[in-house]
Ligand SMILES: CC(=O)N[C@H]1[C@@H](OP(=O)(O)OP(=O)(O)OC[C@H]2O[C@@H](n3ccc(=O)[nH]c3=O)[C@H](O)[C@@H]2O)O[C@H](CO)[C@@H](O)[C@@H]1O[C@H](C)C(=O)N[C@@H](C)C(=O)N[C@H](CCC(=O)O)C(=O)O
Ligand SMILES: Nc1ncnc2c1ncn2[C@@H]1O[C@H](COP(=O)(O)OP(=O)(O)OP(=O)(O)O)[C@@H](O)[C@H]1O
Ligand SMILES: N[C@H](CCC[C@H](N)C(=O)O)C(=O)O
Ligand SMILES: [Mg+2]
């Protein structure tokens, strides 16, 4: 990216038109010549940092409409400052992969994005995914990480910069996760999308959105506002929310591709579990395809169909896309089997919502000749309403439920566990996650299945403001070694 005039970045006339050398909404990152975007946030008001930004050499400030003009010598305002920020960042960084698709939904986004990346790579295309696991690139079997895990949908300027870098490195196909926070905060408003996908809508994040309708509205914005007219919405037809997403998409001038058991376009007409995974029979517009998906669980078949739909909507041939599903691997920490279980099976999974937990326990039940044992908790500073619901599900669907800590953050860990146990009074409670995992694995006998839920790929336990290194997969392997 080369320096550009403020008017070019904002695509409008401005009174003073300095040359801009960077775009950021974080005063701490302002370098001389930058456009500082002052965002009123949830924890702070970016306008309080305008003096700092100016002292570090900001050439201009973009701020909400009601901002006092005297705050900066070059001040431009916008009625939707977050959207203006995303579009300015996009204009500044310029290039993007030619084929970008986005996926939203309460659960399954990381899995779908990882599947899209692998399908494209299997078709010989240079691809990437951007989301909870970071930015991962893939060409053939060669993988590389541009960044590690961070926000699911990155800050608008970070996203614009990484998209430009990917395009420069030859990546032509990108699947990105659109979280409800990210959509609401306009973090991906600068991305030009070829297609968008929807997996499901179930309870989460009510702390942020307030109620399910506001949460749904945030996700709908991907289809109503972000995906250009004439493009395709790939929708999981088996979700209870399908009809609201389908009608909003049609009203917004989009094509609808329904996928799943009730899907019209990619219809799952048969699914048989086999030791290597599952055999899927898929009707793609009248053509029948048999696919051996090397992953277990009905939910992974559902995610695979959304991913296939997105790749097809972005221009690939259905037959080739469906064939490419035969070589995909699960995303890190999503129903990841830990080696060394002997006669039992141990999995690490990222289920951290009621529906996620219910889905993963139902998926694993057929694997348990013996008991199904779950270790789980609920995050602090997140939706409190989901805690007893998750407890109830674990108590009902597992033979042994062990409640433990999962990123208590600023909250008292014992009170989070207490709220979870309101749903499962008979559960065991072991706050220390390492001890909880060791206890579960010590209990495991022939034919039992242990699932350690909630943290998946995460590498830390956040207590107070401190992140203590912690990895469920490593802990499970160590517990298996101790109890071998
Ligand atoms: C609630 C939420 O989404 N917060 C995110 C949001 O913060 P915010 O806009 O409210 O910002 P703020 O902290 O109030 O500050 C206001 C402004 O002042 C600026 N500032 C602040 C301090 C300073 O010294 N100088 C300065 O300029 C900030 O950069 C910001 O622009 O924008 C920030 C910058 O991008 C994020 O870091 C922050 O993520 C917080 C840490 C977070 O925990 N977010 C989670 C809930 C989240 O976004 N999760 C989703 C969903 C995951 C899922 O689907 O399950 C995700 O996409 O990851
Ligand atoms: N289609 C699905 N339906 C229900 N549960 C699912 C589905 N896909 C995945 N899950 C469950 O949700 C967990 C998280 O999956 P994944 O990471 O793909 O979702 P995500 O939407 O990216 O989550 P996050 O919003 O936290 O990034 C999985 O480990 C699994 O337990
Ligand atoms: N993206 C989700 C991840 C939750 C993972 C769980 N381990 C927790 O910390 O609650 C969130 O920020 O709500
Ligand atoms: Mg994710």
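The backbone N, Cα and C atoms fix where each Cβ goes, and this holds for glycine too.
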- Range annotated as motif 'Meso-diaminopimelate recognition motif' in TrEMBL, from 398-401, 402-405, 406-409: 406-409
- Return the residue out of 369, 371, 382 that TrEMBL annotates for the same meso-2,6-diaminopimelate site as 406, 407, 408, 409, 454, 458. 382
- Query: When you measure from the Cβ of residue 108 (ATP binding site), how many other Cβ atoms are you left with inside 10 Å?
  - Reply: 28
- Message: When you rank 406, 407, 409, 454, 458 by Cα distance to residue 106 (ATP binding site), which of the binding-site residues ends up on top as the closest?
- Response: 454
- Item | Per-residue Cβ crowding (10 Å cut-off), top of binding-site residues 406, 458 | 406
- In three-state terms from DSSP, label residue 409 (meso-2,6-diaminopimelate binding site) for me. strand
- Under an 8 Å Cβ to Cβ limit, what residues of the same chain, 6 or more beyond the ends of the motif 'Meso-diaminopimelate recognition motif' (406-409), are close to it? 352, 376-382, 416, 433, 454-455, 458, 461-464
- Message: Neighbour count, 10 Å Cβ-Cβ cut-off, for residue 109 (ATP binding site): what number do you get?
- Response: 29
- Across the domain 'Mur ligase N-terminal catalytic' (20-79), DSSP labelling yields 16 helix, 19 strand, 25 coil
